[in-house]
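K.L.:
So TrEMBL lists the following for this protein:
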{"type": "DOMAIN", "residues": "3-136", "note": "domain 'EamA'"}
{"type": "DOMAIN", "residues": "152-288", "note": "domain 'EamA'"}
{"type": "TRANSMEM", "residues": "5-23", "note": "transmembrane segment"}
{"type": "TRANSMEM", "residues": "35-52", "note": "transmembrane segment"}
{"type": "TRANSMEM", "residues": "64-83", "note": "transmembrane segment"}
{"type": "TRANSMEM", "residues": "95-113", "note": "transmembrane segment"}
{"type": "TRANSMEM", "residues": "120-137", "note": "transmembrane segment"}
{"type": "TRANSMEM", "residues": "152-170", "note": "transmembrane segment"}
{"type": "TRANSMEM", "residues": "182-203", "note": "transmembrane segment"}
{"type": "TRANSMEM", "residues": "215-234", "note": "transmembrane segment"}
{"type": "TRANSMEM", "residues": "246-265", "note": "transmembrane segment"}
{"type": "TRANSMEM", "residues": "271-290", "note": "transmembrane segment"}
Amino acid sequence: MRYYIYLVLAVLFWSGNVVVGRYVSTDISPMELSFFRWFFVVLILSPYTIKNRKRLISIFKQNPLLYLLCGTLGISAYNTFIYLGVEHLTATNTLLINSSIPIFIIILSSILINTKITKLQGFGIFLSTIGVIYLLLKGEYEALMKLEFTRYDLWIILACITWAIYSIYLKFKPKDIKPLEFLSIITFIGVVILFLVCVIFGFKFEYGFLHDDKLLFTLMYVSIFPSVLSFYFWNSATYEVGATKAGQFIHLMPVFGFILAYIFLNESLHPYHIVGIAFIATGIYLSIFFKRVPVVK
């Protein structure tokens, strides 16, 4: 049960990350936000990293490809793609596309590592997906025909794919590697890659957070909660329960989004919220706690 609580907290903080990213999208570029978010994380982890540098280097040498893959996909690519997309997307489109992560995990797991799921787990994933769509469409299926997709939606799709692959390959993290050790290694790799991308493509930073309290607060939030804490929780839980089960919790993002809006923005709670949340909760429950159904190959 502890790991499921970890997943809930990770997704809760990530929900805030999407909201905050959209909030400051006109004040800071996606690349600058992504780079300094993870640069600050490296600073936060630096006492631990410096103290344990010999062990961390030894761990990296054992399987450099795994850490390079996870650092590139989970740190550099995913977050940058999210910020690039959310800069111009509506909240509805962002949440709808992001909710496809569990589907990508199932498809790519079967392709990459031959993972199998039960029929009931598949049905649970289907139910929670319907719940997400129902929530985002506000219970009006006609709204589906009015959704417009742009190239910015492709950034979110790429983010979903990279996160799915990242989550799948967490399975190969050695069992004796502590979550904080793993996070320290992939974060450092991710920041180096982001820095190289910025240099190669000539991205220029404005350092607005140095004289803007709103941006500074944003960077503090995204560095601590959706980064250090969420990644620690997600990595720990995904390794224990598997990518398919963990991916189901991504469907909680729109739920938390509506709840946060209700609490902090005084937005109204409607019947379709209750219906959608019920579908999502039922789907997650079925996919996690029922295992006695034949396997789907």
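Note that Cβ sites are derived from N, Cα and C of the backbone, with glycine treated the same way.
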K.L.:
Can you find at least 3 Cβ pairs under 8 Å between the transmembrane segment (182-203) and the transmembrane segment (5-23), where each pair is 6 or more residues apart in sequence?
P.N.:
no
K.L.:
Have the transmembrane segment (215-234) and the transmembrane segment (5-23) got at least three CB pairs under 8 Å, pairs 6 or more apart in sequence?
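P.N.:
Per Cβ check, the transmembrane segment (215-234) touches the transmembrane segment (5-23).
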K.L.:
Going through 5-23, 64-83, 271-290 one by one, which has the most CB pairs that fall under 8 Å from the transmembrane segment (246-265)?
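P.N.:
The listed stretch sharing the most Cβ pairs with the transmembrane segment (246-265) is 5-23.
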